[in-house]
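*Asks:* I am attaching a structure below and will ask some questions about it afterwards.
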Amino acid sequence: MILIQREKDAGSRCVISMDSNSTSIYDPRNPGHVKTFTFDLAYWSHSGFLKDENGMLISAGSNTYAGQREVFRDLGQGVLQSAWQGYNATLLAYGQTGSGKSYSMIGYGANRGLVPSVCEELCKAIQSQEKNKQYQVRLAQIVIYFQDLSRLKPGGLKIREDQQQGFYVDGLKLVPCDNYAQIERLMDQGNKMRTTATTTMNASSSRSHMVITIQFKQVIFLDEAITKQSVINLVDLAGSERQKSSGSEKDRLKEGTRVNLSLTTLGNVISALAEVATGKKVLHIPYRDSVLTKLLQSALGGNSRTIMIAALSPADICYEETLSTLRYAERSLVSHQACCFPCKHPGSSCLSSAELRLLAESEGRTRSAQMTWEARLEEARQEWEQQYSVMTQERWMMETFPYLLNINEDPQLSWVLKHFIQDGTCDVGQSTSNAIILRGLGILDKHATFTNADGKVTIAPQDKCKVVVNGVTITGETELQHSDRVILGSNSTYLYVGPPAQRTEEDLSRYDYDFFQSELAAAEGFSVDKLGTVGSGQDRADPSVLAVFHDYIKLMPLVEEANQMSQELGKDLKFELKVKNLALSDSRGHDLQKEITVKVTHETTQQVWVWSKAKFINRKFIMEELYQRFLEGEDPAVNQDSDPFWDPVEAVHVGSAHVWLQALAYRMRLEERAELLNSEGLEEAVVLINLSSCSSDGRLFGEDEMVIDPLELLERRVDFQIHIAECLGVKWLRGAVGRGIQIGYRVYDLPRCLYTKPVWESANPKIEETVHFSALNASYDFLNYLQKNALIVDLWGLQEGCMEMDSSLDGLLLTAEGTVVVDNPKALTASNVPELYRKLLQMEQETELLRELNRALREENALLKDSLKKWDTGHHERLIYHFINKKDAEEMCSHRTSCDAELAKALKTFYQNMSVVREQFLQLKHSRPPEDNLQVLRLFTERQSQMISDFGRQLESTVDKLKSDVALIVKKKREYIAYSKP
């Protein structure tokens with residue numbers, strides 16, 4: 001339960017806690033939402049440990065940490081005890097890829113897992129066996145891909161059924177072992193075959209179940225042989241992430257892969273057995289529904305003990321998968337054990353002749369059984385010796401020649417295969433005549449040629465064969481350097497280990513699978529920097545950005561494989577990774593949450609789909625099954641509804657534009673020419689849109705009806721119109737047949753988006769659609785929305801045969817005049833009480849400002865009265881000059897109105913000028929330099945310099961104009977006040 005490097009890089013936090021046998025998980029988006037599960041045992045391994053001198057992880061003094069020793073003590077010893085007593089035992093490890101289930105089962109380095117520990121303890125007992133006892137251990141390793149059995153050899157195996165034996169694997173060879181070294185070598189050999197199989201079958205190891213079966217037989221030689229026999233199954237289940245409910249989100253093909261089927265069936269079987277153990281009547285236990293449960297039937301039912309380990313990722317970014325794992329484990333919670341005693345025949349001191357004859361026959365059978373077992377062991381020893389000779393030869397070649405070392409997404413299967421590059425030339429590819437035989441997606445019969453001469457090694461791809469070195473695709477002969485990264489075909493990844501003279505002390509373990517994919521992404525120009533960081537002054541990217549980056553590099557090989565399968569199956573589809581919302585923001589200008597999507601293009605019809613990450617992964621699993629049938633010679637054709645490469649035509653989001661609504665808050669008109677930008681920030685079209693304040697009957701307001709303060713509109717009716725005139729230069733419509741567009745937007749609290757009528761096959765489509773909106777009693781929130789938010793205008797691409805979006809006003813609240821009602825008042829609820837409290841504070845602040853203004857007016861009024869009194873008593877002769885009559889008051893009022901109008905006019909001019917400034921800024925922001933053309937780059941630089949200069953002049957001119965206008969208004973007002981004083 002330790003964070004893996006990818007999760008650490010993403011800045012993940014731990015969302016798991018444990019208390020005794022209880023495990024709790026909290027939702028990172030809602031920390032108060034906690035779910036607790038109770039199991040027989042719970043092991044904490046996230047923190048509280050250190051590494052001893054042997055590399056073993058041990059407790060750092062805390063009693064909470066549980067290492068491999070503690071797990072073996074509690075679980076492995078129980079499995080061994082069951083085996084000694086003659087019971088079958090099954091140990092299942094379940095969890096998402098990277099959660100530690102393989103670490104629990106196999107281990108790493110000095111931290112050996114349950115499988116090697118159980119085998120070693122079993123072999124220790126064999127070595128110290130008593131004279132009248134014989135222990136026989138036989139082992140087999142089976143991998144299940146796509147519901148097919150593999151003994152890690154071409155052709156696989158078949159599962160059969162016998163009335164006495166039940167289900168069994170036909171042709172499975174159980175290898176006799178009498179010491180742990182033999183078992184260890186057998187598992188190493190299995191890993192080599194498993195690594196080859198994952199490449200050949202295009203199946204990730206995380207999508208397969210690995211079953212290690214140990215048959216343990218005890219023979220006790222008394223008056224007659226007494227036999228106890230048990231089967232130990234140690235099962236590393238496929239990654240559980242395919243069990244995630246969102247794995248087929250919004251996908252017509254619900255996840256029905258055979259890997260998923262076997263996990264579901266296993267859960268159903270264990271649940272049914274748990275009900276049987278509690279005395280409930282169960283009509284059917286679904287062993288037959290999957291190969292895995294058929295294989296484990298004898299071990300799970302009857303004379304058996306079953307243990308499940310649920311491995312958890314503590315990272316917050318894995319919350320959904322971890323919660324799914326906990327639920328699966330809770331559903332499967334069962335520990336059942338039945339007793340079966342071997343038969344014993346009592347001895348006798350007085351035996352008849354018949355009994356003596358039977359005893360002699362029994363001794364003969366015992367000797368025969370002993371000889372048979374010894375013969376099997378001797379045969380196995382000869383095979384071990386041959387393998388040891390091969391291993392010795394391999395070590396010598398490693399010290400003599402350069403070689404390719406396989407790198408796998410499963411660390412357990414990395415560094416397992418070695419392909420030696422001997423002197424001279426050697427070809428690599430699928431053909432059996434090649435010196436290096438490789439099978440996998442995108443590998444041709446003769447794919448590339450290695451040349452080892454004069455201490456140098458070069459690689460040359462054959463025509464149209466894909467070879468990547470250090471992230472860059474090569475087309476000609478290239479010299480390799482020690483620790484270069486080589487990818488052949490779609491995703492056969494190898495680390496090149498140079499001749500001994502070139503090797504250094506460098507730690508090659510850093511070149512893992514993620515390193516290869518990150519290097520590929522960097523070569524394509526994709527990096528964390530491109531996704532953006534938290535802000536200036538911070539050297540660490542946002543954890544959510546890092547999570548998106550890791551999603552991208554994780555999907556890169558899957559997309560490459562999907563493209564290769566599409567090509568070989570003749571589907572004519574091209575898959576591309578895209579980052580949704582890479583350069584888009586919300587209505588307030590804040591960056592939207594980025595996520596990975598897959599763009600799918602039919603290269604003949606040019607139809608386009610956009611799949612979510614979850615949908616693509618689900619489809620990829622189904623594609624693999626279809627492709628596997630193709631490799632096995634079956635007809636890969638399926639009906640359209642079952643084809644993972646097919647989808648009904650749909651509308652595609654092309655781009656978005658921001659149109660700021662501030663003008664409507666002041667009853668001003670805005671004519672906007674807005675760029676519609678795609679998710680990468682590139683222009684897809686330009687939309688001409690007008691925002692106009694109006695009366696309830698649709699009459700557009702003029703300058704005289706503009707307001708200085710939007711609060712003047714509070715609790716009054718506010719009407720406005722949105723007019724979309726046309727779209728210019730729509731790239732979606734260029735050079736494509738059967739395409740159209742619709743434009744959509746959503747205003748404030750409307751329950752759905754509004755769409756224009758479809759327009760087809762016109763690069764500059766005229767739209768000319770106007771919608772009238774009414775806020776019958778404008779709220780403070782609505783006026784604040786107009787001042788601070790933008791209208792998000794979405795451009796949708798239509799394709800022939802797709803469903804058009806509803807352009808009617810159905811479902812919207814309309815006034816008697818037919819206008820669309822916005823700012824519809826909602827009932828008072830507990831959820832909006834805090835918002836009302838905020839409004840109350842706002843009103844109190846505004847009231848206090850009004851009080852201050854009233855106080856100032858009173859003071860000014862007192863001064864005026866005092867002046868008037870002085871004038872009345874001592875300056876009657878100046879009455880004609882200072883008498884304020886009705887005409888003077890009218891002039892004063894007229895002057896105030898004139899000042900207000902001039903200020904409003906100045907503000908309007910400023911706003912219009914700032915709109916021009918903002919448009920210039922957006923052009924600068926979204927300009928992209930050309931690539932690989934120095935002359936065009938110079939022109940681009942000159943144009944950018946001119947645009948920056950124009951932007952600076954326009955901004956300075958706008959600000960200066962506002963200052964000048966305001967200064968003039970203030971000057972006039974002061975002159976008038978001075979003139980009015982006595």
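Cβ from N, Cα, C; glycine included.
Given the structure is predicted, the values throughout are model-derived calculations rather than measurements.
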*Asks:* According to TrEMBL, which stretch among 96-126, 127-157, 623-653, 840-870 corresponds to the feature coiled coil?
*Replies:* 840-870
*Asks:* Please determine which of the binding-site residues listed here (Gln96, Thr97, Ser99, Ser102) has the lowest count of neighbouring CB atoms within 10 Å.
*Replies:* Thr97
*Asks:* When a 10 Å sphere is centred on the Cβ of Gly95 (ATP binding site), how many other Cβ atoms does it contain?
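*Replies:* Total other Cβ atoms inside 10 Å, all chains included: 28.
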*Asks:* Please identify which of Gly98, Gly100 has the densest Cβ environment, defined as other Cβ atoms within 10 Å, among these binding-site residues.
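*Replies:* It comes out as Gly98.
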*Asks:* So for Lys101 (ATP binding site), how many other CB atoms are inside 10 Å of its CB?
*Replies:* 27
